[in-house]
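As recorded in TrEMBL:
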- 328: active site, proton acceptor (ACT_SITE)
- 329: active site, proton acceptor (ACT_SITE)
- 130, 192, 215: NAD(+) binding site (BINDING)
- 238, 260, 263, 329, 362, 416, 421: substrate binding site (BINDING)
- 260, 263, 362, 421: Zn(2+) binding site (BINDING)
């Protein structure tokens, strides 16, 4: 493979439109296909799920086999190692600790003398989790989507994932789900799974919110149903942007680029550096390591189509590009990464220093790996407990407090010609008792 090193000006002029709009284009063909799938699931329920699963996954389900049985969950434990189960337990503990700190408690504050306002927080009642399949099994996504919902107090959690060719779900998925208390698990994938959770079928219950990553069909389905059910965030191909100075280790950088590229042939892998020597060293490491990878074909396709090596004049120039690109994952492999944090406004997650690869956050550290892609980090955050909570405003006043603000309230009410608003206060201040 050959890799070109760009200046920032070249990168902007040559790839600006592609980078800024990455992952957002959805062809009319995809939209039409997904619209029909969603419509058929709404009309025909389980029958449509069975038909689409046969068409897309080459698996014949029955109404009775759509839901994963307790026996299937129990059998899954005999197909994974004890070490894997222990790893899931460690990841679970870390993820729970991180997300528990996000919980908010009831609060009040006095805005004027005798006027108190506050908020309480309540979980939404039901959530659907989508866990992708295909190239790999993703038990970590089960944890990342399920644990924040559990911590928030969601009472009903539904999980959908596409079946393998044997008609079941990968044991790691089932074990991870069971470890966090999810037992409503269904062997349905793709746009049809999103439609089923959005509208309900004879077997799969309707939910109030759908979360989890997926391919363009899943993402398109989420956008289509979003007028009827809440969704988390638009998801696209995975991304990494590494900012490195001359002190960085080229092997670490090359491995992290490959780790992101192995997710998806459409993944974006970008290196920014003010050191031409470092960039060239990284390229040499890539050339030596890629032929040895088990996922060589996927990595080569990703790096060939969506990799970018940019030499910047200074760190200020690099930070401007980062905030414009708004990456899903940002690694800061510089001498003092913490110094740069205040300057970064747009990123799904930031990985600080050479001992903090994206894989750490993806799998075990405790932070969430369901993050905005495609530049959506400019306006979206990663999945958190807040995605499963709603706030309810609280208002309390004493009679003295109400009297103290009544004149101002009356002036505003009169300006809006809402005289009954004014009267609803006046009646309380009359001493009629």
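Yeah, the Cβs are placed from backbone N, Cα and C, and that goes for glycine too.
Where the annotation comes from TrEMBL, it is an automatic prediction and has not been curated.
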Annotated NAD(+) contacts 130, 192, 215, maximal Cα-Cα distance (Å, integer): 13
Spatial neighbours, same chain, of residue 329 (active site, proton acceptor) - Cβ under 8 Å, 6+ residues apart: 238, 239, 240, 241, 260, 347, 348, 349, 351, 358, 361, 371
Recorded positions (328, 362, 416), the one with most neighbouring Cβ atoms at 10 Å: 328
Which of 192, 215, 238, 260, all binding-site residues, has a Cβ with the fewest other Cβ atoms inside 10 Å: 215
Rounded Cα separation (Å) that holds between residue 263 (substrate binding site) and residue 328 (active site, proton acceptor): 13
Site of maximum Cβ density within 10 Å, from binding-site residues 130, 263, 421: 130
Additional residues around NAD(+), ordered along the sequence, whose Cβ is within 8 Å of the centroid of 130, 192, 215: 132, 160, 162, 189, 190, 191, 193, 194, 214, 217, 218, 221
Largest CA-to-CA spread of substrate binders 238, 260, 263, 329, 362, 416, 421, angstrom: 58
Minimum Cα separation from residue 215 (NAD(+) binding site), reported as the residue among recorded positions 328, 362, 421 that achieves it: 328
Separation of alpha carbons, residue 130 (NAD(+) binding site) and residue 328 (active site, proton acceptor) (Å): 19
Coarse DSSP state, helix versus strand versus coil, of residue 192 (NAD(+) binding site): helix
